[in-house]
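Straight from TrEMBL, the features:
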- 1-31: region 'Disordered' (REGION)
- 1-10: compositional bias 'Basic and acidic residues' (COMPBIAS)
- 11-22: compositional bias 'Polar residues' (COMPBIAS)
- 41-230: domain 'START' (DOMAIN)
- 243-274: region 'Disordered' (REGION)
Amino acid sequence: RSAQEMKHMENISSLLQGSNPGEYQRLDPKSEREAVAAPGEQPWEMIMDKKHFKLWRRPIEGTHLYQYRVFGSYTDVTPRQFFNVQLDTEYRKKWDSLVIKLDVIERDLATGSEVIHWVTHFPYPMYSRDYVYVRRYSVDKENNLMVLVSRAVEHPGVPEDPEYVRVRTYESQMVIRPHKTFDENGFDYLLTYSDNPQTVFPRYCVSWMVSSGMPDFLEKLHTAALKAKKMEIEVRDYMSAKPIESGSSEGKASMAAAEHKSDGTCSPAQLEYA
(Lines of atoms letter the chains of each structure in order from A and count residues from 1; the text may use other names and numbers.)
(Lines give C-alpha, C1' and ligand atoms only; values in the text may rest on other atoms or scores of the structure.)
Protein backbone atom coordinates (compact mmCIF):
# COMPACT_ATOMS: atom_id res chain seq x y z
CA ARG A 1 0.00 0.00 0.00
CA SER A 2 2.89 2.35 0.78
CA ALA A 3 4.35 1.73 -2.66
CA GLN A 4 0.99 2.39 -4.31
CA GLU A 5 0.53 5.68 -2.46
CA MET A 6 4.04 6.77 -3.39
CA LYS A 7 3.45 5.90 -7.04
CA HIS A 8 0.23 7.93 -7.03
CA MET A 9 2.01 10.98 -5.59
CA GLU A 10 4.83 10.63 -8.13
CA ASN A 11 2.26 10.66 -10.92
CA ILE A 12 0.62 13.77 -9.44
CA SER A 13 4.01 15.42 -9.06
CA SER A 14 4.89 14.86 -12.71
CA LEU A 15 1.45 16.19 -13.68
CA LEU A 16 2.03 19.39 -11.69
CA GLN A 17 5.70 19.78 -12.65
CA GLY A 18 6.50 23.10 -14.30
CA SER A 19 8.97 23.81 -17.08
CA ASN A 20 11.80 24.56 -14.61
CA PRO A 21 13.14 22.08 -11.99
CA GLY A 22 11.46 22.52 -8.62
CA GLU A 23 8.60 24.56 -10.07
CA TYR A 24 4.99 23.42 -10.05
CA GLN A 25 2.02 24.60 -12.02
CA ARG A 26 -1.00 25.37 -9.87
CA LEU A 27 -4.36 23.77 -10.52
CA ASP A 28 -7.52 25.27 -9.14
CA PRO A 29 -8.04 24.13 -5.49
CA LYS A 30 -10.86 21.69 -6.27
CA SER A 31 -8.93 19.96 -9.07
CA GLU A 32 -5.82 19.74 -6.92
CA ARG A 33 -7.71 18.21 -3.96
CA GLU A 34 -9.24 15.59 -6.24
CA ALA A 35 -5.91 14.87 -7.94
CA VAL A 36 -4.00 14.27 -4.69
CA ALA A 37 -6.64 11.85 -3.36
CA ALA A 38 -6.46 8.30 -4.69
CA PRO A 39 -9.64 6.95 -6.30
CA GLY A 40 -12.35 6.56 -3.66
CA GLU A 41 -10.40 8.56 -1.06
CA GLN A 42 -11.55 11.64 0.78
CA PRO A 43 -9.92 14.71 -0.85
CA TRP A 44 -6.91 16.50 0.64
CA GLU A 45 -6.62 20.25 1.25
CA MET A 46 -3.24 21.87 0.55
CA ILE A 47 -2.15 24.09 3.44
CA MET A 48 1.49 24.72 2.57
CA ASP A 49 3.46 24.93 -0.68
CA LYS A 50 7.20 25.31 -0.14
CA LYS A 51 10.21 24.91 -2.40
CA HIS A 52 11.14 21.45 -1.14
CA PHE A 53 7.75 20.06 -0.07
CA LYS A 54 3.97 20.37 -0.14
CA LEU A 55 1.73 19.79 2.89
CA TRP A 56 -1.90 18.64 2.76
CA ARG A 57 -4.48 17.74 5.39
CA ARG A 58 -7.92 16.13 5.52
CA PRO A 59 -10.40 15.48 8.35
CA ILE A 60 -10.43 12.02 9.91
CA GLU A 61 -14.04 10.91 9.72
CA GLY A 62 -15.87 10.75 13.03
CA THR A 63 -13.21 12.77 14.90
CA HIS A 64 -12.11 16.37 15.35
CA LEU A 65 -8.65 15.46 14.02
CA TYR A 66 -6.79 15.83 10.75
CA GLN A 67 -4.53 13.48 8.85
CA TYR A 68 -1.52 15.16 7.22
CA ARG A 69 0.49 14.33 4.13
CA VAL A 70 3.86 15.74 3.05
CA PHE A 71 5.42 15.12 -0.36
CA GLY A 72 8.92 16.49 -0.87
CA SER A 73 12.37 16.06 -2.40
CA TYR A 74 16.00 16.56 -1.44
CA THR A 75 18.96 16.53 -3.82
CA ASP A 76 21.90 17.06 -1.43
CA VAL A 77 21.70 13.97 0.77
CA THR A 78 21.48 10.22 0.13
CA PRO A 79 18.35 8.16 0.83
CA ARG A 80 20.39 5.86 3.10
CA GLN A 81 21.49 8.72 5.37
CA PHE A 82 18.01 10.27 5.52
CA PHE A 83 16.54 6.87 6.41
CA ASN A 84 19.18 6.04 9.03
CA VAL A 85 18.93 9.42 10.74
CA GLN A 86 15.20 8.90 11.31
CA LEU A 87 15.78 5.49 12.87
CA ASP A 88 18.78 6.32 15.06
CA THR A 89 17.23 7.20 18.43
CA GLU A 90 20.55 8.12 20.05
CA TYR A 91 21.39 10.60 17.32
CA ARG A 92 17.92 12.16 17.46
CA LYS A 93 18.48 13.06 21.11
CA LYS A 94 21.29 15.31 19.86
CA TRP A 95 19.60 17.05 16.92
CA ASP A 96 15.99 17.31 18.14
CA SER A 97 15.87 19.77 21.06
CA LEU A 98 12.21 18.89 21.76
CA VAL A 99 13.11 15.35 22.84
CA ILE A 100 12.97 14.76 26.59
CA LYS A 101 13.28 10.99 26.41
CA LEU A 102 13.63 8.56 23.49
CA ASP A 103 14.34 4.92 24.28
CA VAL A 104 13.92 1.53 22.65
CA ILE A 105 11.84 -0.46 25.17
CA GLU A 106 11.74 -3.77 23.34
CA ARG A 107 13.00 -5.20 20.07
CA ASP A 108 11.65 -8.14 18.09
CA LEU A 109 14.68 -9.94 16.67
CA ALA A 110 12.57 -11.83 14.13
CA THR A 111 11.03 -8.84 12.34
CA GLY A 112 13.12 -5.89 13.44
CA SER A 113 10.07 -4.22 15.02
CA GLU A 114 10.90 -1.95 17.95
CA VAL A 115 8.76 -0.51 20.74
CA ILE A 116 9.79 3.09 21.42
CA HIS A 117 9.04 5.39 24.36
CA TRP A 118 9.20 9.02 23.23
CA VAL A 119 8.63 12.05 25.47
CA THR A 120 8.55 15.44 23.76
CA HIS A 121 8.08 19.07 24.73
CA PHE A 122 4.82 20.74 23.65
CA PRO A 123 4.34 24.50 23.29
CA TYR A 124 3.82 26.39 26.54
CA PRO A 125 1.54 26.19 28.53
CA MET A 126 0.81 22.58 27.57
CA TYR A 127 2.22 19.55 29.37
CA SER A 128 4.85 17.46 27.63
CA ARG A 129 3.45 14.48 25.68
CA ASP A 130 4.66 10.91 25.75
CA TYR A 131 4.19 8.28 23.09
CA VAL A 132 4.63 4.51 23.22
CA TYR A 133 4.71 3.17 19.68
CA VAL A 134 5.88 0.24 17.63
CA ARG A 135 7.82 0.86 14.44
CA ARG A 136 8.88 -1.36 11.59
CA TYR A 137 10.96 -0.60 8.53
CA SER A 138 11.60 -2.23 5.19
CA VAL A 139 14.12 -1.68 2.41
CA ASP A 140 12.87 -2.99 -0.94
CA LYS A 141 15.95 -3.02 -3.15
CA GLU A 142 14.10 -4.64 -6.05
CA ASN A 143 11.58 -1.78 -6.26
CA ASN A 144 14.01 0.91 -5.05
CA LEU A 145 11.87 1.84 -2.05
CA MET A 146 12.28 2.40 1.70
CA VAL A 147 9.37 2.37 4.16
CA LEU A 148 9.16 3.24 7.85
CA VAL A 149 5.80 2.79 9.63
CA SER A 150 4.85 3.49 13.27
CA ARG A 151 1.71 3.32 15.38
CA ALA A 152 0.78 3.75 19.02
CA VAL A 153 0.58 0.71 21.30
CA GLU A 154 0.38 0.00 25.01
CA HIS A 155 3.26 -1.70 26.76
CA PRO A 156 3.43 -3.07 30.33
CA GLY A 157 6.97 -1.71 30.73
CA VAL A 158 5.87 1.91 30.24
CA PRO A 159 3.02 2.84 32.58
CA GLU A 160 1.55 6.34 32.36
CA ASP A 161 3.45 9.08 34.13
CA PRO A 162 1.37 11.89 35.72
CA GLU A 163 4.08 14.31 34.61
CA TYR A 164 3.16 13.76 30.93
CA VAL A 165 0.03 13.41 28.81
CA ARG A 166 -0.03 9.99 27.10
CA VAL A 167 -0.87 10.13 23.38
CA ARG A 168 -2.79 6.95 22.58
CA THR A 169 -3.67 7.62 18.94
CA TYR A 170 -0.68 8.04 16.67
CA GLU A 171 0.43 6.71 13.30
CA SER A 172 3.12 7.67 10.84
CA GLN A 173 4.21 6.31 7.48
CA MET A 174 7.33 7.47 5.62
CA VAL A 175 8.11 6.25 2.09
CA ILE A 176 11.41 7.15 0.41
CA ARG A 177 12.09 6.72 -3.31
CA PRO A 178 15.71 7.27 -4.44
CA HIS A 179 16.16 9.23 -7.66
CA LYS A 180 18.93 6.78 -8.57
CA THR A 181 20.34 4.52 -5.85
CA PHE A 182 20.27 4.37 -2.04
CA ASP A 183 23.80 5.82 -1.88
CA GLU A 184 23.55 8.65 -4.41
CA ASN A 185 22.18 12.09 -3.59
CA GLY A 186 18.52 12.71 -4.41
CA PHE A 187 15.17 11.21 -3.42
CA ASP A 188 11.44 11.90 -3.06
CA TYR A 189 9.61 11.14 0.17
CA LEU A 190 5.98 10.82 1.24
CA LEU A 191 5.08 11.28 4.91
CA THR A 192 1.54 10.52 6.10
CA TYR A 193 0.86 11.34 9.73
CA SER A 194 -1.88 11.69 12.33
CA ASP A 195 -2.15 11.74 16.10
CA ASN A 196 -4.47 12.90 18.87
CA PRO A 197 -2.43 15.17 21.19
CA GLN A 198 -5.42 15.39 23.56
CA THR A 199 -5.46 19.16 23.81
CA VAL A 200 -8.42 21.27 24.87
CA PHE A 201 -7.78 23.66 21.98
CA PRO A 202 -10.06 23.78 18.92
CA ARG A 203 -9.12 21.79 15.84
CA TYR A 204 -7.84 24.83 13.95
CA CYS A 205 -5.36 25.57 16.78
CA VAL A 206 -4.03 22.01 16.73
CA SER A 207 -3.83 22.16 12.93
CA TRP A 208 -1.81 25.37 13.16
CA MET A 209 0.62 23.77 15.61
CA VAL A 210 1.16 20.77 13.33
CA SER A 211 1.45 22.81 10.12
CA SER A 212 3.93 25.22 11.72
CA GLY A 213 5.91 22.48 13.50
CA MET A 214 6.19 20.17 10.48
CA PRO A 215 8.50 22.41 8.37
CA ASP A 216 10.72 22.99 11.40
CA PHE A 217 11.03 19.24 12.07
CA LEU A 218 11.77 18.44 8.41
CA GLU A 219 14.45 21.12 8.28
CA LYS A 220 16.10 19.77 11.44
CA LEU A 221 15.91 16.23 10.04
CA HIS A 222 17.47 17.37 6.76
CA THR A 223 20.29 19.21 8.54
CA ALA A 224 20.96 16.18 10.75
CA ALA A 225 21.15 13.96 7.65
CA LEU A 226 23.62 16.36 6.01
CA LYS A 227 25.85 16.25 9.10
CA ALA A 228 25.70 12.46 9.11
CA LYS A 229 26.52 12.39 5.39
CA LYS A 230 29.62 14.52 5.99
CA MET A 231 30.67 11.96 8.63
CA GLU A 232 30.55 14.56 11.38
CA ILE A 233 28.26 12.13 13.18
CA GLU A 234 28.37 8.33 13.15
CA VAL A 235 24.90 6.92 12.49
CA ARG A 236 23.95 3.27 12.66
CA ASP A 237 23.29 1.78 9.22
CA TYR A 238 19.85 0.19 9.53
CA MET A 239 19.93 -1.02 5.93
CA SER A 240 22.76 -3.39 6.80
CA ALA A 241 21.16 -4.62 10.04
CA LYS A 242 19.50 -7.90 9.24
CA PRO A 243 16.95 -9.52 11.58
CA ILE A 244 17.44 -13.17 12.47
CA GLU A 245 15.45 -15.89 10.76
CA SER A 246 11.71 -15.49 11.29
CA GLY A 247 11.50 -18.99 12.73
CA SER A 248 13.02 -17.80 16.00
CA SER A 249 10.56 -18.20 18.87
CA GLU A 250 12.42 -15.61 20.96
CA GLY A 251 11.81 -12.84 18.46
CA LYS A 252 8.15 -13.70 18.02
CA ALA A 253 7.45 -13.94 21.72
CA SER A 254 9.06 -10.64 22.61
CA MET A 255 6.52 -8.56 20.73
CA ALA A 256 3.49 -10.77 21.22
CA ALA A 257 2.71 -9.32 24.64
CA ALA A 258 3.04 -5.74 23.40
CA GLU A 259 0.78 -6.41 20.44
CA HIS A 260 -1.78 -8.12 22.64
CA LYS A 261 -1.77 -5.13 24.96
CA SER A 262 -2.59 -2.82 22.06
CA ASP A 263 -6.03 -4.39 21.47
CA GLY A 264 -8.67 -1.72 21.28
CA THR A 265 -6.30 1.25 21.11
CA CYS A 266 -6.23 1.63 17.34
CA SER A 267 -7.66 4.72 15.71
CA PRO A 268 -10.26 4.44 12.89
CA ALA A 269 -7.56 5.13 10.33
CA GLN A 270 -5.09 2.66 11.86
CA LEU A 271 -2.41 1.05 9.72
CA GLU A 272 -2.38 -2.73 9.83
CA TYR A 273 1.21 -3.85 9.56
CA ALA A 274 2.86 -5.01 12.76
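Note: Cβ is positioned from N, Cα and C throughout, glycine not excepted.
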Non-local residues, at least 6 beyond the ends, that sit with Cβ under 8 Å of the compositional bias 'Basic and acidic residues' (1-10): 36, 38, 71, 140, 143, 145, 147, 149, 173, 175, 177, 188, 190, 192
Composition by DSSP (helix, strand, coil) of residues within the compositional bias 'Basic and acidic residues' (1-10): 9 helix, 0 strand, 1 coil
Model confidence over the domain 'START' (41-230) (mean pLDDT, whole number): 89
